[in-house]
Amino acid sequence: MRPARALVAGAAVATLFLTAACTTDTPTDPADGGGETSAEETDGGEETGGADSEWFVQADYDRQLAQREVVPEGPGEEPWLQAIEPEYVDTAEFASEGGDKTLCFSNASVSNPWRVTGWITMQQQVEVLQEDGLIGEFRVSDAADDDNKQISDIQAFVEAGDCDAIIVSPSTTATLTPAVEAACESGKPVIVFDRGVESDCMVTFIHPIGGYAYGADGAEFLVDNLEPGSKVLALRILPGVDVLENRWAAADKIFSESELEVVGTEFTGGDAAAIKDLVTQYLQRGDVDGIWMDAGDGAVAAVEAFEDAGKPYPVFMGEDEMSFLRKWQDTDMTAIGAVYSNFQWRTPILAAQKIWAGEEVPSEWVLPQAPIEAEELDAYLDANAEMPSLHYAKFGGEDLPGFPEAWTDR
Amino acid sequence: MTTVATRRELPVRAPRPSLLERLTAGGSWTVFALLLLVFVLIFVMNPSFAEPSSLMAFVKKAAPLVILAIGQYFVIVSGEFDLSVGSLVGAQVVIAAKVMDGQDELTWPVTALMIGFGLLVGLVNGLVTTLLKVPSFITTLGMMLVLYGAIRLWTGGAPTGALTEQFRQWGRGGIFGEPGQFQVPYALIVVVVLGVLAVLLMRRPFGRTLMATGDNDVAASYSGSPVWWVRTRAFLLSGFMATIAGILIGGYAGVTAQVGEGLEFMAITAVVLGGVVLGGGRGTVVAAMAGALTLEALFTLFNQLGLPSTIRPVVQGVIIIAAVAYAAMPRKARRRRPAVPPPSAAGDAAEPKEPAPTHA
């Protein structure tokens, strides 16, 4: 019976290796040109996204990259009220006197530190308006990343009928569209922010410039700061999430037009242990000169992998998360902190205030989104000195009355 | 009646095989062969992996899973499951980061707190399973969700705080050498010490009773062992091991919201891969540890082959099903074997059955 056992085990392993062989076969033949980078070859299959995938839309890419250069309208010291190339819509139909409004918010989730930080900022902004007497009740539903839950949350707001405005941060784009449209039809002003929906029925859609700009900020930095022929490792969280796919698609586009070599793109789930393990393995096989990340979670683990392997620091793209910014300062490496503007969580509350006052708001409210560069690093570290490590530097709540305790005691 | 007698005689088959034989009993030789094969393949693909510093990096990565596998082994061999270890590891790291918050003087008190918390979770798992008679699959699934939710409730959705360097050295640092060069990781020492202790424990009366309880808890209780307390101790050991694994993982990579996710299934896969039979009573702790190493090595190999990390759950699923299926096969064969030698017994058993169909 032992041979039988071994047979089964052998068969199982053989199956694994067969599947392995199939997948490794696709990306073989090297580019004949030689001028192109190996990005296409290393990614291989269509399912890994990139510049040749359905996730890349040239027009959106061009627009977002151009928007980075546009000077936004609005007060410079309050970026959460600024807008890039706004087209204003009249909101007189929603104007209403008096205070004690009921503001309803359907939140996709607070399942990552970025959303937690923004959620605190939003609550602090609401408190200010509650003190003023404008907002009576702030009614919140957290869908915990569940589309079905969020659809019923929004329906509940509509059926209750007493929401004076409905704010939605959708968990996914396509699935939430009908629910948001139903909310629009109820006649209440609807405000959508962060991820969008496939509709323009809402009064305003608030978001930073976007994923292409985020991915491009990091990729351009690596191209500018690395010698031609240098090796870049791309660390990604998950496949198939549009905001993250757009970031990689832009970077892939830029890398493929550069002379950098992408030695690998790996999905890490944002798990620090997985990131450290993967980077360590790449370092065992050869040098890595640059790291690109589609989100900063676990960036410090990637840096530590270089330290523990005794290798020089790479040129690094992280995020404006405090743990990374502090590591950046400690190590003095060449790095950039890409930013997906966290202060956007304030804007929907202020938009509701404007809409109730009958003031015009941009129909698509594009907030500025600028990375943190080396010369700004110290200023952001000073400003956020008391903040915990999973806080985001551009959270935009320094002038709110709860600062800093609300963010430090989370 | 005759079958009972033959089963009683079965232990005669076992007495005093050589140490090597005992080590490889229960089909665990396969896992060592597989481990060797995977390592050879990795070396062929990437010779630099054979360098001592690369191997030590691998040990650091694999150590937490090996320790979790030891803990899971105790529970599985006693006939239960512990699905809560992944959540427990995550909870421990998050608790450590939040309470410690980067203050050096809190390193040791927080470590003690973590061990206390791990034992408490193990105790609750054990008592609910044994005294309240809730199947451990449900108990620990519930505990997994409770810990997952409670930690998010407590921290507002995402972890906060920071671990001290002193705390992190256990998973990150080592002795004899400079960081960046060859070092013997503390994690390796911890694994070896815990592994040796686990082997010794399994050879003591407690280990024998644990094994007997997993094999047949009714028989074990008739023979006078307190089954509830034996199994509760297995859960306590699992909680303790998960705590140590949490300390090493937190040290290895720091604190993120995802830490610990999926580790319970990794640990179960590792134990099953080591030839330990789900349902209890069979398998060695050394093979379970080897199973953990093999699983980590297999994933390393997949990385070398450039496979997407999304293949991991598929592989784990295949391993669990294949290993359980092939562990089930010899059991049937083994049961038949004792029936064959005494032909009279087989004949007696067959005869009374024979008439029944003819009557019908």
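Each Cβ is built from the backbone N, Cα and C atoms, and glycine gets one as well.
Record features, source TrEMBL:
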- B:350-360: compositional bias 'Basic and acidic residues' (COMPBIAS)
- B:333-360: region 'Disordered' (REGION)
- B:29-50: transmembrane segment (TRANSMEM)
- B:106-127: transmembrane segment (TRANSMEM)
- B:134-154: transmembrane segment (TRANSMEM)
- B:184-202: transmembrane segment (TRANSMEM)
- B:234-253: transmembrane segment (TRANSMEM)
- B:259-278: transmembrane segment (TRANSMEM)
- B:285-305: transmembrane segment (TRANSMEM)
- B:311-329: transmembrane segment (TRANSMEM)
Margin query: Is it true that the transmembrane segment (B:259-278) and the transmembrane segment (B:29-50) have 3 or more CB pairs under 8 Å, sequence gap of 6 or more?
Written below: yes
Margin query: If contact means at least 3 Cβ pairs within less than 8 Å, sequence distance 6 or more, would you call the transmembrane segment (B:234-253) and the transmembrane segment (B:184-202) in contact?
Written below: yes
Margin query: Counting CB pairs under 8 Å, which listed stretch among B:106-127, B:184-202, B:285-305, B:311-329 touches the transmembrane segment (B:29-50) the most?
Written below: B:285-305
Next item on the list: May I ask for the residues of the chain that lie six or more residues beyond the transmembrane segment (B:285-305) and have a Cβ under 8 Å from a Cβ within it?
Entry: 23-24, 26, 28, 31-32, 34-35, 38-39, 41-42, 45-46, 49, 58, 61-62, 65-66, 68-70, 72-74, 191, 195, 198-199, 202, 266-267, 269-276, 311-312, 315-316, 319
